[in-house]
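Novice: Sharing the features that Swiss-Prot gives for it:
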- 1-20: region 'Disordered' (REGION)
- 1-24: region 'Interaction with human CREBBP' (REGION)
- 11: site 'Essential for Tat translocation through the endosomal membrane' (SITE)
- 22-37: region 'Cysteine-rich' (REGION)
- 22, 33, 34, 37: Zn(2+) 1 binding site (BINDING)
- 28: N6-acetyllysine (MOD_RES)
- 38-48: region 'Core' (REGION)
- 47-102: region 'Disordered' (REGION)
- 48-60: compositional bias 'Basic residues' (COMPBIAS)
- 50: N6-acetyllysine (MOD_RES)
- 51: N6-acetyllysine (MOD_RES)
- 52: asymmetric dimethylarginine (MOD_RES)
- 74-85: compositional bias 'Polar residues' (COMPBIAS)
């Protein structure tokens, strides 16, 4: 082995770069071509921009599989209903006044 110049970065050492250029082939030989090919092709890691995936939409002719909720009449009193509370207070006052037990 030849002595390596210590001032060179490891990626610039002789023999660190492959003699052939990288290509788009995904065969086993090309996946192990160099470190860059191995990470991109072999491991599937790419740091580029990712495309937006299109959301699958149902065909326009199909209906929603949800039935509308039928309207139901309100049978209970609402918490903000003041007339119902006044009626209840008057009824209670009338009952307490009617007791002659005092």
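The backbone N, Cα and C atoms fix where each Cβ goes, and this holds for glycine too.
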Novice: Could you round the CA separation between residue 51 (N6-acetyllysine) and residue 28 (N6-acetyllysine) to a whole angstrom and send it over?
Specialist: 26
Novice: Which residues, same chain and not among 22, 33, 34, 37, have a CB within 8 angstroms of the centroid of the CB atoms at the recorded Zn(2+) 1 site?
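Specialist: Neighbours found: 18, 23, 30, 32, 35, 36, 38, 41.
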Novice: Per residue, counting other C-beta atoms within 10 angstroms of the C-beta, which of the binding-site residues 22, 34, 37 reaches the highest number?
Specialist: 37
Novice: Check residue 51 (N6-acetyllysine) against DSSP and tell me helix, strand or coil, would you?
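Specialist: Once the DSSP labels are grouped into three classes, residue 51 (N6-acetyllysine) ends up as coil.
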Novice: Give the residue from the recorded positions 28, 33, 50 that has the most other Cβ atoms within 10 Å of its Cβ, counting over every protein chain displayed.
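Specialist: Of the recorded positions 28, 33, 50, the highest Cβ count within 10 Å belongs to 33.
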Novice: Whole-number Å only: compute the distance from the Cα of residue 33 (Zn(2+) 1 binding site) to the Cα of residue 50 (N6-acetyllysine).
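Specialist: Each residue's Cα considered, residue 33 (Zn(2+) 1 binding site) and residue 50 (N6-acetyllysine) end up 24 Å apart.
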Novice: Taking the Cβ of residue 51 (N6-acetyllysine) as centre, how many other Cβ atoms lie within 10 Å?
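Specialist: Other Cβ atoms within 10 Å of residue 51 (N6-acetyllysine): 6.
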Novice: Could you find out if DSSP has residue 37 (Zn(2+) 1 binding site) as helix, strand or coil?
Specialist: helix
Novice: Can you give me the Cα-Cα distance between residue 28 (N6-acetyllysine) and residue 37 (Zn(2+) 1 binding site) in Å, rounded to a whole number?
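Specialist: Answer for this pair: 11 Å between alpha carbons.
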Novice: Please work out the helix, strand and coil residue numbers for the region 'Disordered' (1-20) from the DSSP assignment.
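Specialist: So the counts come to 3 helix, 0 strand, 17 coil.
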Novice: Sequence gap of 6 or more, C-beta under 8 Å: which same-chain residues meet both conditions with respect to the residue listed as 'asymmetric dimethylarginine'?
Specialist: none
